[in-house]
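Contents: one structure, followed by commentary.
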Amino acid sequence: MKSDSAASGVVVVFFGPPGVGKGTVATRLAEELKYHFISSGDLLRANVKEGTELGREARSHMDSGGLVPDQLVTRMVLKSLDSLSGGIFLDGFPRTQVQAEELESYLRGRGWRLQVIDLTADDRFLMKRLVERIICRSCGAIYHRTNLPPRVEGTCDHCGGALYQRDDDRPDVVARRLEVYHQQSAPLREHYRRQGVMLTLSGEKPLEETLAAVRAALIGRNGAPE
Ligand SMILES: [Zn+2]
């Protein structure tokens, strides 16, 4: 087991249903642990905007009304990993078992480790959290009717903007989003569970507790990158 490579790395793949706080946890820890944060969606947009070879190829699919092929997204993500070391959070990738296997083979090639975090919560808990969520139209601040109400109803504490509920957070839409998440994540989560690289944690705890648990998993198991 070689673990003293100067350019060692750990890639973190994070699962979590809508409303579980995955984005907040990943963003906070990426900042705190000085991990990189790679979003496949941002990467795709940046490649298209900059007109890279991969970006132009993606654009030709988008222009003809099709989806960008999985294989192209894989090449973009792996290429972006080439120049990095240390800790890296991946967002939006992998989405398929083929992508997962290509990522694993890439990581083996570099002697890097993979850590999968699976943040879970009961659907009823998520439903309550999401349907009570209200957002500032001006600055994007997020409130919750029960847990984090604004001082003045309907008005943002920070900027005085109007608060509203996103269409995505209406009960029937939330139920559908959760169903889609369960269906789409099941095969990959099963793939990672079988490999024994996935740590499942409850996302129903207060944010600080969840942060502590994920932090311990990342640092305790993998060591802080030098
Ligand atoms: Zn505001």
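A Cβ is built for glycine as well, from the same backbone N, Cα and C atoms used for every other residue.
Annotations in TrEMBL come from automatic prediction, not curation.
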According to TrEMBL, which of these ranges is region 'LID': 94-131, 132-169?
132-169
Counting each residue once, how many in the region 'LID' (132-169) are helix, strand and coil under DSSP?
3 helix, 13 strand, 22 coil
What parts of the chain pack near the region 'NMP' (39-68), using Cβ distances under 8 Å and only residues at least 6 beyond its ends?
75-77, 79-80, 90-93
Spatially, which candidate from the binding-site residues G66, F93, R95, C139 is nearest to G23 (ATP binding site), comparing Cα atoms?
F93
Other same-chain residues whose Cβ falls within 8 Å of the Cβ centroid of C136, C139, C156, C159, the recorded Zn(2+) site, in sequence order:
R137, S138, G140, A141, D157, H158, G160, G161, L163
